Amino acid sequence: MTMELNTHNAEILLSAANKSHYPQDELPEIALAGRSNVGKSSFINTMLNRKNLARTSGKPGKTQLLNFFNIDDKMRFVDVPGYGYARVSKKEREKWGRMIEEYLTTRENLRAVVSLVDLRHDPSADDVQMYEFLKYYEIPVIIVATKADKIPRGKWNKHESAIKKKLNFDPSDDFILFSSVSKAGMDEAWDAILEKL
């Protein structure tokens, strides 16, 4: 599907804890998942050419609800709570887990998940679990490796290979190196997203 999007026409629509609060229409949605402080808010702001549409926080674990971003009345980003944040109670983490699982497995509007990992580090057990979960439920996935600007370009391949190996990456999925500082990977990310709509 080819879609002309005015990405400047974007706003946060609503925050939801369960399906009774989800938007009630048929706009396609792309969910964004990743561990706390992987750069999800920076990814959203970069992709939508905004400084602080999604609030970046020095405190991980800030997003506790599903945040729906309306983009040009044609599609939505859905920011899901960052996982793997230790200073949240086990009970709270389980609640988030159920909320995320309910959204990912029952939402008909969902077209794909952008799974964000930090290019500098091996994927965490949570990253691997998320990828396996998406593959198990046959949910299309785009891996975006953030913070590419923090690593010399000559080492990108090495880090990419390490991540792919740890994830047991399916080569039919998209893998994009991304930097919210230099905007590297932004066009590739949009191409991959629009292809899924």
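Backbone N, Cα and C atoms are what each Cβ position is placed from, and that goes for glycine too.
Since the structure is predicted, the reported quantities are computational estimates derived from the model, not experimental observations.
If you look up Swiss-Prot, you'll see 26-197 marked as domain 'EngB-type G', on the strength of sequence analysis.
What Swiss-Prot records for 34-41, 61-65, 79-82, 146-149, 178-180 is GTP binding site, and it gives sequence analysis as the kind of evidence. For the recorded site, N37 (GTP binding site), the DSSP three-state label reads coil. The Cβ neighbour count for N37 (GTP binding site), using a 10 Å radius over every protein chain in view, is 20.
Look at Swiss-Prot and you will find S41, T63 tagged as Mg(2+) binding site, backed by sequence analysis.
In this structure, P81 is the one among the binding-site residues G34, P81 with the smallest number of other Cβ atoms inside 10 Å of its Cβ. The Cβ of F178 (GTP binding site) has F43, V144, A145, T146, A148, A184, G185, M186, A189 as same-chain neighbours under 8 Å, each 6 or more residues away in sequence. Ranked by Cβ neighbours within 10 A across all protein chains shown, the binding-site residues K40, K147 are led by K40. Separation of the C-alpha atoms of S41 (Mg(2+) binding site) and P81 (GTP binding site): 11 Å, rounded to the nearest whole number.
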